[in-house]
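Some notes on the structure that comes next.
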Amino acid sequence: MSKNTKYVFVTGGVVSSLGKGITAASLGRLLKNRGLSVSIQKFDPYLNIDPGTMSPYQHGEVFVTDDGAETDLDLGHYERFIDENLTQNSNVTSGRVYWSVISKERKGEYLGGTVQVIPHITNAIKDRVHRVGKERDVDVVITEIGGTIGDIESLPFLEAIRQIKYDVGKENVCFIHVTLVPYLGKAGELKTKPTQHSVKELRSIGIQPDIIVCRSEKELSEDIKKKIGLFCNIDASEVIQNLDAEHLYAVPLMLHKEGLDRLVCEKLGLGCRDIDNAEWIDMVHRITHLTHTTKIALVGKYVELHDAYISVVEALNHGGLSNDTNVEIEWINAEDVTKENVDELLSGVDGVLVPGGFGDRGVEGKIEAIRWARENKKPFLGICLGMQCAVIEYARNVLGLEGAHSSELNPETPFPVIDLMPEQKDVEDLGGTMRLGLYPCKLEDNTFCKDVYASDLIYERHRHRYEFNNEYRTQLIESGLTIAGTSPDGRLVECVEVKDHPWFVAVQYHPELKSRPNRPHPLFVGFVGAALNNK
C-alpha cells in the first residue's frame, strides 16, 4: 500500500437507528473537504449474503453499485455525501464472510486445521477492511459496524477491529462510538447512564472509544460532556453532540462546528489543509431557502416505509434544489388506486412517479396512475417496474391489446409485452442473478432523454430480470410510443416516452442511484422542472 492509510471505525450503542451511517458519511465529507481521499464501507452482522433478497420492509431500499453489488441503503448515503462511486467491497455481511471461509475449508485451503471464529473469521473481516484501502489507495478508510454494541452477531467484527489497532499501530486507528443521550421530559433532564453502560460494554471487549458522538434532542451542557468523559475515560472535548437536524445535509456542518473532523485528524496525525466547506455551506443555504414548491405523487407498494424509496426521495430533492423548488411528496399506496378513485387521489399533484419494485401486488394501481398521468398530461417518470407498467398501460389502452401484461406478473397473459430476458430463462437462484450494475445506453435524437442528458451515450445502474419484449416493438412504435434509449446494440429497450405529452419518460434502469446533491441526476432535474411548469 503506497499510502499510510488510516482507519476510522464507527460503532453504535444503546439503540439502533442512531444515524451511524450519516455520521460516517458526514465525517467522510468533512475529511474530503480537507483535501483527503476517503472511502467508506459498512459491515452488516446478518447472515444473508447480501440484502438483495430481503423485503424492503425488513431492510429498506437495496442500493446497487456500479459493479453490480446489492448493498445496504447506507451506501447510498455514503455515495451522496462523499461523491464517490463505491464497490462491492464497501458492504460486507456476516453471511458473505462465513460463506467465503467455509468455501475455503471445503476446498482444503486450511490444510486440515480447525476452522474457528478467531482467527479465520476475524482474519477474513480484517482482509476486507484492508481491501478497501488498497482498492482506492486512500488516506482514510471509514468503516461502519452495523448493529448495536451488546449484540452477539457483531462480536466477530468488533474483535477484528480491535485487532486491527494493534496490527497497524494505534496511531493509525480511531474509534468513534455513536450513542444516545435521552431527554426525560417529566424530569427535564438528559440521562447519560445508557451511554456509560454502552461504553462499558465496548471497553469490556477491548475497545476504548476515542470520540463519543451523542445523539440528543437537547443540547449537551459542558457539565454533561464532562460527566460522560469522566465515566467513559475520554476528555470532555472528545464528546461530540449531534442534535436532530432539519435535513441530512446539515449534519456535516453541525459535526464540524463540534470539531469532529479536527479531532479525527489530530488523533490520526493527518497533515491536511484547512477545511473548505464553502460549496457545502452554499448548498445547505439553498436547501433552506427554496423559492418554489411542487407536489409529486409517489405511487408504490412499500410507501409505509419511506426508507424503501430513500434514493428516489433524495434524487427528487436534488432535482428540486436544481430548480429552486421544494418537492412535497404525496405518498400513494398503489393498492389503494382504482379507476374510480384515481382522479380524487391524484388531482392535486403536479407530477406522478412510479418507482421500482417486485411482485404483482399493487401493479394494477400503478397502471391506473400511469394512465391518469398520460391522459391528463401530467409529467410522469417511471423507474424499472414503473417503466414496465407504463409499457403495459400503453399496450392496453392505446394499442388495444386487452390483457397485455408482464409474463412475470401474469404468466398466462395473451400479450406479454414485458418478458424474461433470454439469458435469465435457465436461472433458478434468486440472489445476485439479475441484470445488475452499470450498463451503457444509447439515446435517440429528439427525445426528452437526449435533451436532459445532452449526450449520445450514458451509463446507468440496473436491477431487473424482465425487459421490454421486442416482439411488440414495431406495434408500440407505430401507435406512438417512442423508444428513446436502447443498449448500444439496439437489442434492449432502456427508455420509452410518449409523444404529444409535456413530459412522459420511463426508464428500465435506476437513475436515482447516481444522483448527488451537488450533481443532481438530469432526469430528476427535468422531471421536477416539468412538474413545476405544470402547476
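Note that the numbers count up from 1, one per residue, in the order the chain is shown.
Each residue, glycine too, has its Cβ placed from N, Cα and C.
Per Swiss-Prot, the features are as follows:
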{"type": "REGION", "residues": "1-270", "note": "region 'Amidoligase domain'"}
{"type": "BINDING", "residues": "Ser16, Asp151, Ile152, Glu153, Lys191, Thr192, Lys193, Pro194, Thr195, Gln196, Lys227", "note": "CTP binding site"}
{"type": "BINDING", "residues": "Ser16, Lys191, Thr192, Lys193, Pro194, Thr195, Gln196, Lys227", "note": "UTP binding site"}
{"type": "BINDING", "residues": "Tyr57, Gly357, Leu385, Gly386, Met387, Gln388, Glu408, Arg465", "note": "L-glutamine binding site"}
{"type": "ACT_SITE", "residues": "Cys384", "note": "active site, nucleophile"}
{"type": "ACT_SITE", "residues": "His510", "note": "active site"}
{"type": "ACT_SITE", "residues": "Glu512", "note": "active site"}
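Here Pro194 (UTP binding site) comes close to Gly13, Val14, Thr179, Leu180, Val181, Pro182: these same-chain residues lie at least six apart in sequence, with C-beta atoms under 8 angstroms from its C-beta.
In this view, the densest Cβ surroundings among the recorded positions Lys191, Lys193, Lys227, Arg465, His510 belong to His510, judged by other Cβ atoms lying within 10 Å.
For the recorded positions Glu408, Glu512, the greatest number of Cβ atoms within 10 Å around a candidate Cβ is found at Glu512. Nearest Cα neighbour of Glu512 (active site) among the listed recorded positions (Lys193, Cys384, Met387, Gln388): Cys384. Around Tyr57 (L-glutamine binding site), the same-chain residues at least 6 positions away in sequence with a Cβ under 8 Å from its Cβ are Tyr302, Glu304, Leu305, Ala308.
Counting other Cβ atoms within 10 Å of each Cβ, the lowest count among the binding-site residues Thr192, Thr195, Gln196 belongs to Gln196. Ranking the recorded positions Cys384, Met387 by how many other Cβ atoms lie within 10 angstroms of each Cβ puts Cys384 at the bottom. Looking only at the recorded positions Gly357, Cys384, Leu385, Glu408, the one with its C-alpha closest to Lys191 (CTP binding site) is Gly357. Across the residues annotated as binding L-glutamine (Tyr57, Gly357, Leu385, Gly386, Met387, Gln388, Glu408, Arg465), the widest Cα-Cα separation comes to 23 Å. A separation of roughly 14 Å, to the nearest angstrom, links the Cα atoms of Arg465 (L-glutamine binding site) and His510 (active site). When the Cα atoms are compared, Gln388 (L-glutamine binding site) and His510 (active site) turn out to be 13 Å apart. Gly357 (L-glutamine binding site) has Cys384 as its nearest neighbour among the recorded positions Ser16, Gln196, Cys384, going by CA to CA distance. Among the record's UTP binders, Ser16, Lys191, Thr192, Lys193, Pro194, Thr195, Gln196, Lys227, no two C-alpha atoms are more than 23 Å apart, and one pair sits at exactly that spread.
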